[in-house]
Amino acid sequence: MYQDLIRSELNEAADTLAKFLSDDANIEAIQKAAVLLADSFKVGGKVLSCGNGGSHCDAMHFAEELTGRYRENRPGYPAIAISDVSHLSCVSNDFGYEFVFSRYIEAVGKEGDVLLGISTSGNSGNIIKAVEAARLKGMKVITLTGKDGGKMAGTADVEIRVPHFGYADRIQEIHIKVIHILIQLIEKEMVKA
């Protein structure tokens with residue numbers, strides 16, 4: 001009944017991954033991001049992650065597997081997804097939704113910390129404001145974007161961009177794989193500490 005649609009969806013996902021994988025710059029960016037994160041942890045820094053919608057779930061997933069567990073038993077790593085509902089609703093109401101992440105960074109971010117900002121379009125105003133706030137705090141910035149990087153292109157220390165111009169879910173599928181690889185590489189880097 002739906003077998004052709006299922007095959008088509010899986011083939012499109014595989015094609016998106018193959019295109020991403022064929023660009024060595026993507027592989028190098030993932031490695032650079034993992035080392036940057038591990039270096040922050042080694043000196044007492046933390047990572048703050050944020051996104052909207054499905055990207056918000058990815059930001060939470062990233063923090064959960066750093067503080068909890070990925071594949072190996074190891075110490076938890078300092079990671080916070082900016083996802084406290086009382087904070088999000090307070091700042092949205094009092095300042096505007098575009099400030100929900102930047103306000104949190106103003107409060108708890110510090111030099112030596114890292115921001116992971118996730119936006120499939122690269123145009124999310126509240127993620128752009130988060131990047132700006134992180135810069136003012138002296139933090140390093142990693143972004144996961146899609147398409148052409150949008151307004152976030154060129155704003156990060158490391159940008160990992162999925163060059164897909166269709167639906168956002170294809171970009172998110174690569175983002176979650178990148179997140180898992182980042183955690184795996186961080187675990188390897190932290191063993192060296």
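Quick reminder: no glycine exception, Cβ is built from N, Cα and C everywhere.
Remember, predicted model here, so these are calculated numbers, not experimental data.
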* To do: Let me know which member of GLN31, GLN172 Swiss-Prot also records as binding substrate at the site of ASN52, GLY53, GLY54, GLU65, ASN93, ASP94, SER119, THR120, SER121, SER124.
  => GLN172
* Asked: Of all the binding-site residues given, namely HIS61, GLU65, HIS180, which is spatially nearest to GLY54 (substrate binding site) at the Cα level?
  -> HIS61
* Between HIS180 (Zn(2+) binding site) and SER121 (substrate binding site), what C-alpha distance do you get in Å? -> 21
* Asked: Would you say which of the binding-site residues SER121, GLN172 has the most Cβ atoms within 10 Å of its own Cβ?
  -> GLN172
* Asked: Of all the binding-site residues given, ASN52, SER119, which residue's CB has the most CB neighbours within 10 A?
  -> SER119
* **For GLY54 (substrate binding site), the three-state class that DSSP assigns** => helix
